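Visitor: Got a structure here, written out as structure tokens. Questions coming.
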Amino acid sequence: MSLTWSAKDHKHMSQAAATGHKRSRNDTGNKATVVLGAQWGDEGKGKVVDLLATEADLVCRCQGGNNAGHTVVVDGKEYDFHLLPSGIINTKSISLIGNGVVIHLPGLFEEGDKNDKKGLKGWEKRLIVSDRAHIVFDFHQVVDGIQETERQATEGKNIGTTKKGIGPAYSSKASRTGLRVCDLLGDFKDFSMRFKNLVHQHQSMYPSLKVDVEDQLKKLKDYGERLRPMVRDGVYYMYEALHGSPKKILVEGANAALLDIDFGTYPFVTSSNCTVGGACTGLGIPPLNIGDVYGVSKAYTTRVGIGAFPTEQLNAEGELLQTRGHEVGVTTGRKRRCGWLDLVIVRYAHMINGFSAIALTKLDILDVLDEIKVGVAYKLNGKRIPHFPANMDVLQKVEVEYETFPGWKTDTSAARKWNDLPAKAQNYIRFIENHIGVPIKWVGVGKSRECMIQMF
């Protein structure tokens with residue numbers, strides 16, 4: 001169907017209505033495959049997306065901003081992505097930044113140019129940006145830092161944000177004072193006035209905030225012109241992609257289930273929905289067009305920043321996971337906290353997202369351990385609790401019930417198929433699968449593409 005609604009289309013619809021024909025439900029169009037984090041982020045989603053992106057026609061980001069960090073290794077080259085969908089590597093596919101994403105323009109172009117120097121050529125021609133996406137301004141990033149400092153001073157603890165301005169930008173969006181890509185590309189005089197008002201609004205809340213408004217506007221005008229050729233109406237673009245010729249569409253979730261603004265460990269969460277609903281609202285696609293939903297989980301658990309973490313190991317094991325797994329945040333450079341695999345949180349993520357299958361990454365990090373534990377339930381005052389607690393004070397107090405497995409003490413990094421894995425590693429994987437009730441489709445044993453063992 002074309003973007004223009006023709007008289008023929010109208011007549012066709014009217015005829016169907018007049019004769020009382022039921023509209024066929026089978027013609028739902030293409031389905032989008034969604035890849036989501038099943039823990040607290042850093043699960044290796046980029047690697048799964050990269051694997052699927054080699055065959056995708058369209059790869060989309062639907063929420064978050066450059067607070068996400070995905071590393072993809074191709075031909076020995078390491079690319080870091082924060083705002084660009086990792087599918088941008090594939091020269092045959094188009095990458096789309098959806099309306100649910102908040103975009104820091106200097107960050108976007110800096111990232112593109114940095115990867116361009118590494119060999120990512122022609123990325124600007126393969127990128128489409130929704131005109132409804134909100135903009136993260138430099139002052140949003142400054143405000144993010146001020147808020148963290150204030151939280152530390154008043155409550156003695158901060159949230160541990162990436163200071164990329166994501167929360168403040170989503171706050172502007174929710175309070176209806178935010179500015180979108182379509183505003184930047186519209187009447188610049190009007191945009192300038194609204195930008196000044198937004199700055200004043202933030203300065204009245206944060207008197208220490210200094211902004212060189214004219215300098216910012218000059219830069220924004222230049223960024224706007226560079227962005228213009230990439231901007232489309234995202235809703236119509238997605239509709240065409242779903243209902244045009246057969247296409248493989250991939251949606252790359254940023255952050256993860258336990259960082260979701262609604263379902264995560266609030267308030268130690270991000271500011272968007274990083275569960276499956278975010279794919280619909282962040283791109284303008286109906287639930288009917290969501291196909292497979294793949295959850296990505298590490299073979300253990302990590303978390304960046306503060307917040308409850310029931311299976312955390314503040315001991316030699318935790319340290320070993322941190323050093324062997326090179327657990328340092330791609331975006332923040334902070335050391336990640338490490339612990340045993342927590343199946344309570346992965347099951348909870350599955351309840352919300354309805355995973356079709358799971359990718360279990362970094363199994364090789366466990367190769368040297370004598371024994372491996374898996375959290376299977378939470379107890380409170382000695383009694384098992386049947387749910388994942390919403391209240392953080394409660395979550396801080398839970399006691400974890402573990403299942404213990406003997407380690408396989410074998411290097412798995414060269415394994416390329418299921419049978420290459422030691423029997424004890426296979427048992428570990430099967431236990432996880434049975435406990436969550438979701439099949440494991442991939443097992444990761446290393447950094448590169450080849451290290452993902454496909455099970456079916």
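From the backbone N, Cα and C atoms, a Cβ is placed for every residue, glycine too.
Note that TrEMBL annotation is computational and uncurated.
Residues annotated as region 'Disordered' in TrEMBL: 1-29. As annotated by TrEMBL, GTP binding site applies to 41-47, 69-71, ARG336, 362-364, 444-447. What TrEMBL records for ASP42 is active site, proton acceptor. According to TrEMBL, the IMP binding site annotation covers ASP42, GLU43, GLY44, LYS45, ASN67, ALA68, GLY69, HIS70, THR162, ARG176, ASN255, THR270, ARG334. According to TrEMBL, the substrate binding site annotation covers ASP42, VAL330, THR331, THR332, GLY333, ARG334, LYS335, ARG336. Annotation source TrEMBL lists Mg(2+) binding site at ASP42, GLY69. Under the heading active site, proton donor, TrEMBL lists HIS70. Here TrEMBL flags LYS173 as active site.
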Visitor: What recorded positions in the list ASP42, VAL330, VAL445 lie within 10 angstroms of ASN255 (IMP binding site), counting C-alpha atoms?
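Guide: Within 10 Å of ASN255 (IMP binding site): ASP42.
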Visitor: Taking just the CA atoms, what is the gap between ARG336 (substrate binding site) and LYS47 (GTP binding site) in Å?
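Guide: So the alpha carbons of ARG336 (substrate binding site) and LYS47 (GTP binding site) sit roughly 19 Å from each other.
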Visitor: Specify the nearest of the recorded positions ASP42, THR332, GLY333, LEU363, VAL445 to the residue listed as 'active site, proton donor', where nearness means the distance between Cα atoms.
Guide: ASP42
Visitor: Can you tell me how spread out the IMP site is, meaning the largest CA to CA distance among ASP42, GLU43, GLY44, LYS45, ASN67, ALA68, GLY69, HIS70, THR162, ARG176, ASN255, THR270, ARG334, in Å?
Guide: 34
Visitor: Using C-alpha atoms only, work out the spacing between LYS173 (active site) and GLY333 (substrate binding site) and round it to an integer in Å.
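Guide: That separation, Cα to Cα, works out to 28 Å.
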Visitor: When you rank THR162, VAL330, LYS335 by Cα distance to GLY41 (GTP binding site), which of the binding-site residues ends up on top as the closest?
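Guide: So, of the listed binding-site residues, the one sitting closest to GLY41 (GTP binding site) is VAL330.
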Visitor: HIS70, ARG334: which of these recorded positions has the sparsest Cβ neighbourhood within 10 Å?
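Guide: Candidates: the recorded positions HIS70, ARG334. Fewest Cβ atoms within 10 Å: ARG334.
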Visitor: Rounded to a whole angstrom, what is the C-alpha distance between VAL330 (substrate binding site) and GLY69 (IMP binding site)?
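Guide: Approximately 5 Å lies between the Cα of VAL330 (substrate binding site) and that of GLY69 (IMP binding site).
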Visitor: Would you kindly give the Cα-Cα distance separating THR162 (IMP binding site) and GLY333 (substrate binding site), rounded to the nearest Å?
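Guide: Taking the Cα atoms only, GLY333 (substrate binding site) lies 10 Å from THR162 (IMP binding site).
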Visitor: Hey, how far is ARG334 (IMP binding site) from ASP42 (active site, proton acceptor), Cα to Cα, in Å?
Guide: 12
Visitor: Between the binding-site residues GLY41, GLY44, GLY69, GLY333, whose Cβ has more other Cβ atoms within 10 Å than any of the rest?
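Guide: Max Cβ neighbours within 10 Å, all protein chains included: GLY41.
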Visitor: Which of the recorded positions ASP42, ASN67, LEU363 has its Cα closest in space to the Cα of THR332 (substrate binding site)?
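Guide: The smallest Cα gap between THR332 (substrate binding site) and any of the recorded positions is with ASN67.
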Visitor: When a 10 Å sphere is centred on the Cβ of THR332 (substrate binding site), how many other Cβ atoms does it contain?
Guide: 17
Visitor: For VAL445 (GTP binding site), write down the residues of its own chain that are at least 6 apart in sequence and whose Cβ falls under 8 Å from its Cβ; none is a fine answer.
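Guide: Long-range Cβ contacts: LEU363, ASP364, THR412, SER413, ALA414, ALA415, CYS451, MET452, ILE453.
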Visitor: Which one, from the recorded positions LYS47, LYS173, LYS335, ARG336, has the smallest tally of other C-beta atoms lying within 10 Å of its C-beta?
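Guide: Across LYS47, LYS173, LYS335, ARG336, these recorded positions, the one with fewest Cβ atoms within 10 Å is LYS335.
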Visitor: Find the shortest Cα-Cα separation between GLY69 (IMP binding site) and the recorded positions ASP42, GLY44, LYS335, and name the residue that gives it.
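Guide: With Cα distances computed to GLY69 (IMP binding site), the winner among ASP42, GLY44, LYS335 is ASP42.
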